[in-house]
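Structure first, then comments.
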Amino acid sequence: MASNRENEELYQAAVSGDITKVRTCLQQGANVNFKSFGGQTPLWSAIFNGHTEVVQALLEAEADISIANDDGFTPVYVACQNNHLQILECLIRAGADVNIAKKDRFTPVYVACQNNHLQILECLIRAGADVNIAKKDG
């Protein structure tokens, strides 16, 4: 079992996009689903920062694609919000649910529309996203 220091090293490598360090940390047994500040996992942070290669490595290491941060932002939602199409496609191939909403019921479809990310929206629809899910206030 990895120490907190090793887990933090994995997290920081994911944040910065250091694929070599990510692979080393994983080989040394770092927890791929370690939660850092705000409930952010290495996968979540790599997605947020647009590090596609790191995302792929973490998915290969069986990172949990359903873990949201403390504010309810799921990996799919973060990829959509930040217009990371390749990452969204990786998550979908890994079996991510494209309909999971945040606590306020904002969905990936909603955030894609809100930010005018049309390629993201098209990808979500191809993956079976429900365009009729309403947020809490309609």
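For all residues, glycine too, the Cβ spot is worked out from N, Cα and C.
Copied from TrEMBL, the annotated features are:
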{"type": "REPEAT", "residues": "38-70", "note": "repeat 'ANK'"}
{"type": "REPEAT", "residues": "71-103", "note": "repeat 'ANK'"}
{"type": "REPEAT", "residues": "104-136", "note": "repeat 'ANK'"}
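Nonlocal intrachain contacts for the repeat 'ANK' (104-136), taken as residues 6+ away from its ends with a CB within less than 8 angstroms of a stretch CB, comprise 72, 74, 76-77, 79-81, 83, 85, 88-89, 92, 98. Counting residues 6+ beyond its ends, the repeat 'ANK' (71-103) has Cβ neighbours under 8 Å at 38-39, 43-44, 47-48, 50, 52, 55-56, 59, 65, 109-112, 115, 117, 119-120, 123-124, 127-130, 133, 135 in the same chain.
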